[in-house]
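Undergrad: Let me give you the structure first, and then I'll get to my questions.
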Amino acid sequence: MIDKRDFKAFKLVSKYDPSGDQPQAIEALVDNIEGGEKAQILLGATGTGKTYTMSQVISKVNKPTLVIAHNKTLAGQLYGEFKEFFPENAVEYFVSYYDYYQPEAYVPSSDTYIEKDSSVNDEIDKLRHSATSSLLERNDVIVVASVSCIYGLGSPKEYADSAVSLRPGQEISRDQLLNALVDIQFERNDIDFQRGRFRVRGDVVEVFPASRDEHAFRIEFFGDEIDRIREIESLTGKVLGDADHLVLFPATHFVTNDEHMEQSISKIQAELADQLKLFEAEGKLLEAQRLRQRTEYDIEMLREMGYTNGVENYSRHMDGRSAGEPPYTLLDFFPEDFLIMIDESHMTMGQIKGMYNGDKARKQMLVDYGFRLPSALDNRPLRREEFESHVHQIVYVSATPGDYEMEQTDTIVEQIIRPTGLLDPEVEVRPSMGQMDDLLGEINLRIERGERTFITTLTKKMAEDLTDYLKEMGVKVKYMHSDIKTLERTEIIRDLRLGVFDVLIGINLLREGIDVPEVSLVAILDADKEGFLRNERGLIQTIGRAARNADGHVIMYADRMTDSMQRAIDETARRRAIQMAYNEEHGIIPQTIKKDIRDLISISRAVEAKATEAETNYESMTRSERQEAIKQLQKNMQEAAELLDFELAAQLRDLILELKAMD
């Protein structure tokens, strides 16, 4: 059994004190949590410092906290911010570890079976293991996750019970330790020392935990007793210090012991027999043969190796769950009284609701045609009501809370006033007739003042046509479409801020991360066309893009006033009035946010350049030169991973593997 460390409080490190609306919001949220309120909403306007408020709340209530974001990009940003706020506590990152994922599927109309194909990102896998091990070892944990946290993960009890606990002076033979490591899916490799592997040199065993990336452990034996445990650099073997206790968690989240494995296999065989009878009774002989062949192969692999590709499809039997019972997820690794914070809840809660149905439709086809046993349906994401059953206390965070959140609670804490004194922008409506000439005039005014412009359209064609028109008029403009990758997107935003171009056009510019203080004008074309991007929430989010500049202004081009437009304008005016009154009372003059232009791109490019240089010359290198190149590339890979640029980290990893294969 694992002993958690002594209770450790969260320690928030920041050069700022709460200001504006933050003190009252923090106090209200904390009082509600300590008073036992199950659900509440933090309605925070854009730029009011919601993440800082969330951090203050976490530090005051001292509960393990799960922060859920609706995509990897936003989760990465939040992870970076929380790491800065809590350098002495465990801040973890838990998102899907696939760089590429093609799920297993079957298309009956063309009799096409698509085998599961995926590429696992080693860095993210390491971070996932770090998250689960931290949750089992300590209490001061913040996990920033995407909706991947509601997918099946394996039993936390089996994961914890399988952990190998080691101390100096403990009586255990070297061979007993080796057997224990193999049982928890560690792989012996005396040459290529990586995460989830161990190597043996006489009476010394070196183990590389699945949750680490640079540090491993050296266990030295004296007879059948552990003499010493040392922490070492995995690459150089340099000793970093002695350890008085080491807990090695399994190298995979799906793990079970021998006794449970035999019980699981018996259940799989019983289910297989039942399903074969059903297929044969229906005359589905091809499906029966297919299912028998695939399942018996998997059973043999489970018996011999304790693991098989697609083991998650048998997780119901491995975990000892009943049919239809929800799978274990990351949420089960938390203690009962943990806190959940849902960032951009109007988006995230919709994702949580939609995950289950899409997954079931695909898997049902595999079951019907004999590719999987019916129990595979229980390897799934949680339904929304199952997610709700895990909730002890929850805070929904959004500038525009959705209907679902509003139905869950009447407790709404507003955070309207910005620490900078910035006001919500003025909004005006202009007719669409002659909008191009009118817009061009407004853009030129901003260019003269050294400011930037966002334009949001409804269709790709209109965005492309408008881009061409503005280019012909001599405007430096770019169009950001959905095919652009994360790194390119970051580069475009950076170039806009630096003034490489002055106008950015897009269909959905209300997405997270598009916060550019230099933008003083947001133009919304076809504002009267009701729909997802032109409903009240969409309009408020888009209006918020101009709230980082003291001269922020929004123009809606429309031929009529829709209910959504009116509500968005009224809400913006309400917030603006509150902000103006606060500024007047406290003598605050709004100042445009001074935000550093983070040079993520140049750092990534420097790493990329080193990788390219090594790739160009490695064939002519000597063996020792290649070893040096590998060391440098591994450092570059870590650098890219710390910047959360996992695509680049994966490319560097592949190059390292190529170099190693040459020796």
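Indices start at 1 and increase along the chain as displayed.
Quick reminder: no glycine exception, Cβ is built from N, Cα and C everywhere.
Since the structure is predicted, the reported quantities are computational estimates derived from the model, not experimental observations.
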Undergrad: Among 97-120, 121-144, 385-408, find the range that Swiss-Prot records as motif 'Beta-hairpin'.
TA: 97-120
Undergrad: As a test of the contact definition, list every same-chain residue at least 6 positions from Thr46 (ATP binding site) whose Cβ is closer than 8 Å to its Cβ.
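TA: Counting only residues 6 or more apart in sequence, the Cβ neighbours of Thr46 (ATP binding site) under 8 Å are Ala399, Asp515, Gln541, Gly544, Arg545, Ala547, Arg548.
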Undergrad: Residues with Cβ closer than 8 Å to the Cβ of Thr48 (ATP binding site), same chain and 6+ apart in sequence?
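TA: Once residues fewer than 6 apart are set aside, Thr48 (ATP binding site) is near Gly20, Asp21, Gln22, Gln415, Ile416, Ile417, Arg418, Pro419.
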Undergrad: Mind giving me a neighbour count for Gly44 (ATP binding site)? Other Cβ atoms within 10 Å of its Cβ, every protein chain shown.
TA: 23
Undergrad: Grab the same-chain neighbours of the motif 'Beta-hairpin' (97-120) for me: Cβ-Cβ under 8 Å, and only residues 6 or more beyond its ends, written as numbers and ranges.
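TA: Non-local partners: 128, 309-310, 362, 365-366, 369, 371-372, 646-647, 650.
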Undergrad: Can you check what DSSP calls Gly44 (ATP binding site), collapsed to helix, strand or coil?
TA: strand
Undergrad: With a radius of 8 angstroms around the mean position of the C-beta atoms of Gly44, Ala45, Thr46, Gly47, Thr48, Gly49, Lys50, Thr51, what other residues of the same chain does the ATP site pick up?
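TA: Going along the sequence, the neighbours come out as Thr53, Ala399, Gln415, Arg418.
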Undergrad: What kind of secondary structure is Thr51 (ATP binding site) part of, going by DSSP in three states?
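TA: DSSP assigns Thr51 (ATP binding site) to helix.
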Undergrad: In the structure shown, which of the binding-site residues Gly47, Gly49, Lys50, Thr51 has the fewest Cβ neighbours within 10 Å?
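TA: With the binding-site residues Gly47, Gly49, Lys50, Thr51, fewest surrounding Cβ atoms within 10 Å: Thr51.
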Undergrad: With DSSP as the yardstick, break the domain 'UVR' (627-662) down into helix, strand and coil residue counts.
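TA: The domain 'UVR' (627-662) comes out at 32 helix, 0 strand, 4 coil.
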